[in-house]
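If you check TrEMBL, you get these features:
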type: BINDING; residues: A:Asp82, A:Leu83, A:Thr84, A:Arg112, A:Gln126, A:Asp130, A:Arg280, A:Tyr284, A:Tyr285; note: L-histidine binding site
type: COMPBIAS; residues: A:426-437; note: compositional bias 'Basic and acidic residues'
type: DOMAIN; residues: A:20-347; note: domain 'Aminoacyl-transfer RNA synthetases class-II family profile'
type: REGION; residues: A:416-447; note: region 'Disordered'
There are 2 protein chains.
Amino acid sequence: MPRPRPLSGFPEFLPSDRIVEQFVLDRLRSTFELHGFASVETRAVEPLDRLSKQGEIDKEVYAVRRLHAAEDSRDELGLHFDLTVPFARYVLENAGHLQFPFRRYQIQKVWRGERPQEGRYREFTQADVDIVDVDALAGHHDVELPLVVLDAFGALQTDLRLPPVLMRVSNRRLAQGFYAGLGIEDPAPVLRIVDKIDKIGPDRVADALREDAGLDAAQARACVALAGIRTADASFVEQVRALGIGSELLDDGLEQLAAVVEAGGRYAPGRMVADLSIARGLDYYTGTVYETNLVGFAELGSVSSGGRYDALATDGRTSYPGVGLSIGVTRMLVPLLGRGVVTASRPTPTCVLVAVDAEETRGAAVDVAQRLRRRGIAAEVAPKADKFGKQIRYADRRSIPFVWFGAAGANGEVKDIRTGEQLPADPDRWEPPDSDLRPAVQTRWEG
Amino acid sequence: MPRPRPLSGFPEFLPSDRIVEQFVLDRLRSTFELHGFASVETRAVEPLDRLSKQGEIDKEVYAVRRLHAAEDSRDELGLHFDLTVPFARYVLENAGHLQFPFRRYQIQKVWRGERPQEGRYREFTQADVDIVDVDALAGHHDVELPLVVLDAFGALQTDLRLPPVLMRVSNRRLAQGFYAGLGIEDPAPVLRIVDKIDKIGPDRVADALREDAGLDAAQARACVALAGIRTADASFVEQVRALGIGSELLDDGLEQLAAVVEAGGRYAPGRMVADLSIARGLDYYTGTVYETNLVGFAELGSVSSGGRYDALATDGRTSYPGVGLSIGVTRMLVPLLGRGVVTASRPTPTCVLVAVDAEETRGAAVDVAQRLRRRGIAAEVAPKADKFGKQIRYADRRSIPFVWFGAAGANGEVKDIRTGEQLPADPDRWEPPDSDLRPAVQTRWEG
């Protein structure tokens, strides 16, 4: 079998990069749990009709079928393309066993059959937090959720020295209320066009609104003016009012968005702005919408997006409105790892390599390693009773900081192979410095 | 949309059961890391030709294709059905970037299109540990790997009060050498039949060996006699010798297996036996093979299996022999959770619910929660400024042990809702008992 080549769009990490990923996932998990979110994992597959009815239509779905299924049997299952649609299904299915409002986080792979390119993958990891309730979900959860995510990014900024993020927030009701006040009947194509304003600019958006959405010049101008409003506090409300459009829905949206942005200013100062250009393509959002960028890495796109969805989960009688955000872990990490911005100090958890004097005394080295492990120190035994220089090189190539000698005798010694310092040590007592116990994650900025 | 129903064979956990699963996965991960194994995750899909060439032929593979792919395009990808085949591919693909011998663990879902039944799932989680080297892999790794897995089960036994395990070990070379000494040319059908001895018994195995594998009565008798040998120490060697068959391959196998069982007796006394009925169906094993049962839960089948594979990963010029074991996490947990043997003390990480006096002072409750979180105490804010009795019931329904009152005033108090005790507390100082900080996992044995 020839050497296999990577599959485009399916990134896999080498062990040292995987250590960085684990570090990030561990921080996300602990933040979510500190905020009282319970972990849920859903199966990878959903019925195809559920995947195609809900969510973005332009996301290409992977269909799944048993290889030995009959030739003419229809595809019935597909891989999930996000974690929101499966979560909505999970809530419907298990509603009788859950306590509402239900707070869950979910960290899993998702799959999309898109054309692979930088920042677009066919398999990638998302980390989602959502709150759902029965019939109605209090508005303060729209305020709470972005703070959870900003707290998670804050932990990454502190522990990993990742750059800070800026979350941009808007509100579908605000936009739709504004469009309704302008006399626009179908807001969907307008939202879709306005969503491109970052990419194509206000002039081409105005053109498209006239040509593709059938707006007149004044309507198009007003939509572009709305999308141009961006404030770090609630002053966007006045700016919207100054455009002279009014509707009940617009008032609702303004009030909801003001509450989110005011809390952002209080609990995550400098990390959140109201940005009325944010539309979010997904059909299922009905209120607040969020997008998040790493400051200085705009080219990575949004690293965390989401919003309120009032009608995603319903069994016809009861509906389960929710609000949530998704962090694009792979999307954020692959470029940072690829550019060497974030690295692990070693590609293995091993802190101590226990040297073997001779194959006959391997058992003594295994004993020492086991005594270290019992106290939480990761250890492995040298694979071969080579000359000590060669065993040290084994450790050095993996950046394992310590080598243990004399396992078979009464006088054990441990060598820090970085400094060359070698000291007598007892496998039941010796402790490495805290900073060496586990692989560290380092961040290096250029410029 | 009507209420969805579970997909047979795709188990999903409610939050409290997921907490048990996380507890188990965390213990496995920390044990593997203490033994110096690095984490690897591979993509969910492999080229179909790789999946069908390697591994068990009778495992049904799920094919994956873009839903919008051309009607007549061939399926080219499939979901992996184990973690060994993808790992072998990963090693080949990344050999230039890995340090050998390479120690990795891998905890991921796998998929098999089998008919669902108790203990058989279509999606399930496996936790694998393997060591691979270039060209040749030292025999002491066959000794080391089962001890890592027994250490992991030991941690589950200690921390979760799971029952102890018994690992049964055999060796393909031993069996094949024995068959060769008997004059049997093709050992594969013999291994396949002997593998069923637990299910169909020695008499029917002897019949099948004669009828389906073309053995004569003496050969069949000898094969059944070999499969009947089971010892807790290396005394199986003498018992095999007493059958009067000799070959070089047999001697090799006997020596390898004796080394494994002797180490088992030393480092995991009572947890390992040589059992020459173990054959393992997978084609790729070439030496030591392992199977593991939870004592008292034989009906769950093997909860950890594996073996040595010398020829799985090769690019034609270089081969990467390996040895590894896989723990069937889902297979072990689903029945234990279903029977209520293992439970979590609460279905949420939340330790403290901060009560809200009035919606206008929600911010003060958020402040208290944030101060608790900063010191590692999971907290959530009550979703509604209900009467305190109702807020306490919110906590009680989730088994959240503590409710915080008076967030908006100067005199905060915390109530243990199990005892009713309520004491003044400072959100920057108060600590819950260690046992309440996180959800605990409890094990209850019947009879």
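The backbone N, Cα and C atoms fix where each Cβ goes, and this holds for glycine too.
Where the annotation comes from TrEMBL, it is an automatic prediction and has not been curated.
Known features from TrEMBL, placed on the structure.
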| residue | record | Cβ contacts under 8 Å, 6 or more apart |
| --- | --- | --- |
| A:Gln126 | L-histidine binding site | A:Asp82, A:Leu83, A:Gln106, A:Ile107, A:Gln108, A:Lys109, A:Val110, A:Ser326, A:Ile327, A:Gly328, A:Val329, A:Thr330 |
| A:Arg280 | L-histidine binding site | A:Arg172, A:Asp195, A:Val289, A:Glu291, A:Ser305, A:Gly307 |
| A:Tyr285 | L-histidine binding site | A:Arg172, A:Gly307, A:Arg308, A:Tyr309 |
Whole-number Å value of the largest CA-CA distance among A:Asp82, A:Leu83, A:Thr84, A:Arg112, A:Gln126, A:Asp130, A:Arg280, A:Tyr284, A:Tyr285, listed as L-histidine-binding: 21
In three-state DSSP terms, the structure that A:Gln126 (L-histidine binding site) belongs to: strand
All-chain count of other Cβ atoms within 10 Å of A:Thr84 (L-histidine binding site): 28
A:Asp82 (L-histidine binding site): tally of other CB atoms within 10 A of its CB: 20
A:Arg280 (L-histidine binding site) in three-state DSSP notation: coil
